[in-house]
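Annotated in Swiss-Prot:
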BINDING   L344, P345, T346, G347, L348, G349, K350, T351  ATP binding site
COMPBIAS  45-63  compositional bias 'Basic and acidic residues'
COMPBIAS  203-222  compositional bias 'Polar residues'
COMPBIAS  242-285  compositional bias 'Polar residues'
COMPBIAS  297-306  compositional bias 'Basic and acidic residues'
COMPBIAS  1077-1086  compositional bias 'Polar residues'
DOMAIN    331-499  domain 'Helicase ATP-binding'
DOMAIN    674-843  domain 'Helicase C-terminal'
REGION    1-101  region 'Disordered'
REGION    124-222  region 'Disordered'
REGION    236-306  region 'Disordered'
REGION    863-930  region 'Disordered'
REGION    1018-1060  region 'Disordered'
REGION    1072-1129  region 'Disordered'
Amino acid sequence: MTGSDDSSVDYFREGFDDITDDEFPDATRNAVGSSPRPAKRRRRDGTASDVRRRPSENRESQRYSDGGSPQTGSDSFVVDDDEGNYDELQSPSQDSYFEDAEAPSKYKVFIPKRSNIQENIFVTQLTQPPSPPEMIRGPRWKKPEPSIARASTIPTQTIGEGRAAPNAPAASVDDYDDEDLNAAIAASLESFENEQSRPPPSNTKAPTHQPITRSPTVQNEGATDTSFLLEDIPDDAFDSDISLSPPTRAQQQPATRQFGQSSNRPLGVRQTSLFDMTSRNQTDQPPIGEQVWSPPQKDEPPTQHKLDHDALSTWVYPTNLGKTRDYQFNIAQKGLFHNLLVALPTGLGKTFIAATIMLNWFRWTESAQIIFVAPTKPLVAQQISACFGIAGIPRSQTTMLTGEAAPGIRAEEWQNKRVFFMTPQTLINDLKSGIADPKRIVLLVVDEAHRATGGYAYVEVVKFLRRYNQSFRVLALTATPGSTVESVQAVIDGLDIARVEIRTEQSLDIREYVHSRNTEVQTFKNSEEMVLCMDLLSKTLQPLVDQLRTLNAYWGRDPMMLTAFGLTKSRQQWMASDAGRNAHFGLKGKVNAIFTVLASLAHAIDLLKYHGITPFYRHLLHFQSNTEGQKGGKYQRQVVQDESFKKLINHLQPWTKNPEFIGHPKLEYLKSVVLNHFMDAGEGSNGEASDSQSSTRIMIFVHFRDSAEEVTRVLKRYEPMIRPHVFVGQSSAKGSEGMGQKTQLDIVQKFKKGTYNTIVATSIGEEGLDIGEVDLIVCYDSSASPIRMLQRMGRTGRKRAGNIVLLLMEGKEEESYIKAKDNYEKMQQMIASGSRFTFHDDISPRILPAGIRPVADKRHIDIPDENAEQSLPEPKRRGRAPKRPPKKFHMPDNVETGFTKASSLTAGPKSKAEKSRKPRTPTPEPVEIPALEEVVLTSAQQRELEQHYRNIGAASPQFIRNPRNDAFPRLQLVARPTKVVKHGSLTRRMIGTLQKMNNVGPDCGDRFKKILALESARQGDSVIPNRSPRHERRRRLSKTKPRYNHLSTSVDKETLSTEDSQLVTPEHLLSSVVKGQKQQPFYSSQRSKDDDSDDNFDPPDLATLLTRSAERNNAHKTSRFVVSDDSDD
């Protein structure tokens, strides 16, 4: 035991280094009597060896003893106050005893033995010591103060030396009054303020134990019992009575900075989250859920718009509609300072956000213009009422422009008004014609922004504005930005978007404003009538499909699987293949004709599958009517004359004439759903008239107008309970006339009032229209586009819960719906993350001056009396429209106007000083003429020239000499053949001169004498009269053409073609007479030494001939005056 005692003393000395050996027994003796630590525990029915624990358990128990939370259950131990039992203490020297034993796991799970159902408790965060933000720990329960502080009010039973008995009664909650609770709260706040000065716990070293000295004052202040906080904790959660453990008090030590905590944390603020994020201060922080945004800090030139500096200090948020929605507040604030794309589900207030932003830019600017554009006129009209009733923009400053207004009237509106509601087509026309000034526009609001792709008018408007104006804001509104990453990026690029605010129905900040929508998906199978029609049509089309298969133009076998898109792609692929390119014209015409017939009937197959037998029958009748008489092609008549086709028509005709016939199972289910809905709502129970008010409304979406008319026909049988009406677009189609915008607005108003309680709409009713409260949406056919699917479903559930019924056929239509749903959810996640998109923050201007930070001003907007007028703010028509103003060309900033030289484009602008200064030409100095001796070669230089430069190195001495003009006379009469470089004009003149010289014979003197005598006798009379003007023009044209000499051309033809005389003179006649007596040419090189007949003949020099020839040709040319400068001077 001696070794054990020595090791125990060493063990205790590690924690009490400041106590001497003499003072240690006294300190230990005093601590035993006054220590409030828990009593010793020993295991029941066990020996001392059973109570011994392994070192790991000892260290674990020491760690829990500091926090006051034992490790094992209370049922396994009994209180033992025997001071002499030292076997329960484990010495560090006994670690070797368990060295070879396998250590059990230190992780244990507490399982209460007396489990009872506890009610949910909502508590705030308890007082906690500072901890590093990267460490995540569990909750810490604070034990109550010692019971001695409340001895006068809470009696306890003790056994032994003042220790509470196990069956001591617990303190009641009723014993604590409000003063005690207030004192606890005050103490908690005081601990928060002193949090910076408290030392953080160390994770590497054991705590240093020091003597604890308590003063009565401290004990009285901390004597508040907080056991009521542990009322709902199970009784066996602790091993011993919790009232026996004293509270752990931290010692006051100098504060040290650890874990990289921020030094500028304000006092009195508690840490509520990780990484130094503190709670909000109510005095300077916005309400919970709202954010504070400021204009971005950018270095940009001042805007050209005139700003109202008094209004820039605040931005107004209207509270006319009641409660402020956090998401609308945050989105509107961000849309004021960034080019923003807002993606909100339908019915969540995109119009309110747009009206708020329009109001603030209307306040901030003095004369700038604000434009709201929407695809259709009904969408434009419904936005006007929102701006009048919510934002309070004066009606006198607002106008609605469409293409129906005259250009002169629109020009006046652009000059006088500031807020415009219009379609994008009208806007781009006014911008291009110069009626609208692009530099005055400060805000462009785009509704249904998912259309801003490709060459749509939205994209064209933004590009046009960007050319002339760099200081305007863009706000884009939509419910679904796109179905693919590429389409969303196209919208961002087309509108220069810098930020995206997207919300889904699962977003936390809009969940309380989204009403529940019960979606019911109903699938159907083909009816017996549909199967019969499919079989007969398959037999009709099978021969045509087989012909395409034999030509490898189409691979499908089942005619019922034909689609217009598939046939079009197959035709393109076959035409691009080798078989299609190499096929003869007849085969190509045959394949194209078969594809055209099958594509027309593929649409009929879709109508039969998904819409009903009646639309299918109407399409077949139209197909059959195209073959009457001589109309239609070979294969179209082959289909109509087929026996199966005739049998099909005979079956369909009596079915469609029956008014009670319903040609599709979806239509039968639709009728029952609509009837049940109105009967549950009590519609038409008292025989109401058709113009009475309706409490509930239904909207049915279809894909084709034929389907809409068929659904309306079936539902009209049950009037006045069901009062349906068709709602289609403006364009007219075969067998169906379109609806004008005025008619569309009238139907929407009647639907809101209850005149019609059911609308059967095509895609025109999907986008944007505020058609009132709809309680039931029926999608008669599925759309593979997630945009259209979401637009349809967004018509209901705006102000109360709504229902959606999807009618789908098994197979392709059901798969399309699942694909659209998955695609929508995936795209919403991608857009919200923003990691796969490129935003244009660099071209999103600040517009506001630097240093301006508008503060939110929530207030009620006073609506002007003029806004109460219900009519649209369209310009009034006049008897005589004003004259259209002349087109105005708006120039971008820093553009150079006027004309400029092409040479100055690359050199850049020159200053006037450079133009005025001309470089002075220096006077040339006379060159001194060298002496003759310095120019002439010396004898040595002459020899070097002869040997090195004129000797060609042959056996006999040969020297290079100048070309001889009399050598090779026969070859010099014609142009020698060339390969790359052709003969020049000088060469051709030289050849002509030599040819003329060759014509001179020895008897030329006698011949010319005879000619002169004959000419003097006739005195120059002409044999042939003057030529006609036509001949003269031909001769002049021939003279302008270049003359070419060829080997096959005779010398006489060359002579005749080069004559300059205009009349046929006797010389021509004589030359033609003596033509047969032509002699061989004579050359001087052929003369013999004995021939002295022409010794006196001296031929002219070659330079003289060339010079005179050039002077004669130049005499006929007209000189031109060339202007060296094209300037205005």
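First residue shown is number 1, and so on along the chain.
Any Cβ shown, glycine's included, is placed from N, Cα and C.
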Next on the checklist: I'd like to know the mean pLDDT over the domain 'Helicase ATP-binding' (331-499).
Outcome noted: 90
Item to check | Residues of the parent chain within Cβ reach of the compositional bias 'Basic and acidic residues' (297-306), under 8 Å, 6 or more residues beyond its termini | outcome: 365-368, 439-440, 442, 469, 471, 845-847, 849-850, 893
Checklist outcome for this item: G349 (ATP binding site) has its Cβ surrounded, within 10 angstroms, by a count of other Cβ atoms equal to 21
Checklist outcome for this item: Close in space but at least six residues away in sequence, with Cβ under 8 Å from that of K350 (ATP binding site), the same-chain residues are V342, L344, D447, L477, A479
Item to check | Structural state census, the compositional bias 'Basic and acidic residues' (297-306) (DSSP three-state) | outcome: 0 helix, 0 strand, 10 coil
Checklist entry - Does T351 (ATP binding site) have same-chain partners at least 6 apart in sequence with Cβ under 8 Å from its own Cβ, and which are they? => result Q382, Q383, A386, I390
